[in-house]
């Protein structure tokens, strides 16, 4: 099943969600937009609250104006905002509040609708705060679960992308014990396939994919666990039969190094920390989080709401710019 | 002026160990230690010829030490091969040779005249095939040979990671110790108990003081689960085992921080204030170190009454005899042992 179902070119290439309005989301969005050309900005639809964006532009000292697409008269050069209905209640900057959590939820809900209606291409998300989300009685474990639920997707995969290293995870937010149980032939194969599709979408003709081992030294012939031989090796063989350039299992203590030297386009990590540690180690401020396996495409920053510095004009937009860049790559290579 | 004496085992004779030893000595101009190989002098001379290294192999009596380090000269405490050894060809006959080199090195460290030992890689499989069915590696063998109960495996680089990148400036050399080592990932969670964790941290703390001269070491501890369990939502081991153990250690005056999510711990902001990191399992710690410091890491065994470092790679049978194997890790292991022995040497001299 192809994850993409839009045939017509959407009006906006990217839909960027505001995130939690008490956090740094609006500020890093404004900073990122300021670095784009006018024609690039014209291809972007912000999803959130126009007034919040306008205040963030002031705080970050960037010269941008915003207009709500379905309400305001279009003004040349203003940034289009799909205005959400802001919940009542205070949104104190830098604090957890139900109103902010609800606003963040409504942005995502709206962005999904926009993509499903063919009005926007790829979603880029600013950070939300899980506690605020729960305070608003939206019980999701974050963006990924919310997107899966809103789109009815049975499962999704998390890919961390950076210039030096990209890694996709067989499982993410489960305990280490549960993660080991999720290493099955089906799940490993599906993870590789999701990564393969994504790389093709980025324009890589024949992606080179390495699959990390689960146990130390890939179990060293079964002395330290048999999953590498029993599960991962057969999954890799199946994928090789498709003619794909897939290798593995390769011991986790060498595979990331080899990938960072350019030997592979993607490493399949067997669990959260296995993939997150090396990526963040080498590219901790430019790592982009990409959700795969959903019927929509989404990239995201890989940091939180940073309440401690929110609305002070100090937030660094490096990661947001990287998330937007990655989304552009998906748009460009897919027409 | 005398310097510490380091015993260097050849490791598996069919592997790259012997040629790494001769290459290292041939390439080193000066060293704050006196190196003595432990192995077969003929093997070392033959491998030197094979890989085109000009070196003078000199057999020494076991009690004797060289006066100083001399470039191009390799003193040897002799251990005789049991069977001829060809590069790349394992034979069970020489398993006893490999074990004897370890016994000699341990004995010279425990009873003199050596101040520390550095091991080249051995081949576990061939030693098991030779009849030592319980053999699981150097570390456990040395633990038993020295008669101690618990040892801790630590990997270390002497340079900060990514030192050339701005974000990493000000970070220190990285030392990563492991709470568990060579066992299936599935068994890791059960292997980590409050008691085992406290023992590991105590060994780490003591040896950072003893061998690295750090008065009050600051140890960062990784969580077992993603996000260090996120208050029990992603696994309960942090709440039930790790946090109580760390609280107890802090009550005893140790400077430990954690459990921290492993993927945020291994970033400059956190590492800049750490003397060592304790990872919960092999790949959590080693993937980082090997990834960032490939070929530059030394493996250290803590908790032994002796100093022991080792290379962090295997026997590379396919490279043996070609001279293509690089001495980076051995050189790192030797210089780490120099550093550690230098500390001990200065204190008791």
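From the backbone N, Cα and C atoms, a Cβ is placed for every residue, glycine too.
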Substrate site partner of B:138, B:139, B:290, B:299 (as recorded in TrEMBL), chosen from B:273, B:308: B:308
Neighbour tally for residue B:138 (substrate binding site), based on other Cβ positions within 10 Å of its Cβ: 22
Cβ-based proximity (under 8 Å) of the binding-site residues B:138, B:182, B:282, B:290, B:299 to chain A, or none: B:182, B:282, B:290
Cβ-based isolation winner (fewest other Cβ atoms within 10 Å) among the binding-site residues B:139, B:299: B:139
Collapsed DSSP category at residue B:290 (substrate binding site): helix
Residue B:308 (substrate binding site) versus residue B:182 (divalent metal cation binding site) - Cα distance in angstrom: 18
Secondary structure of residue B:308 (substrate binding site) (DSSP, helix/strand/coil): strand
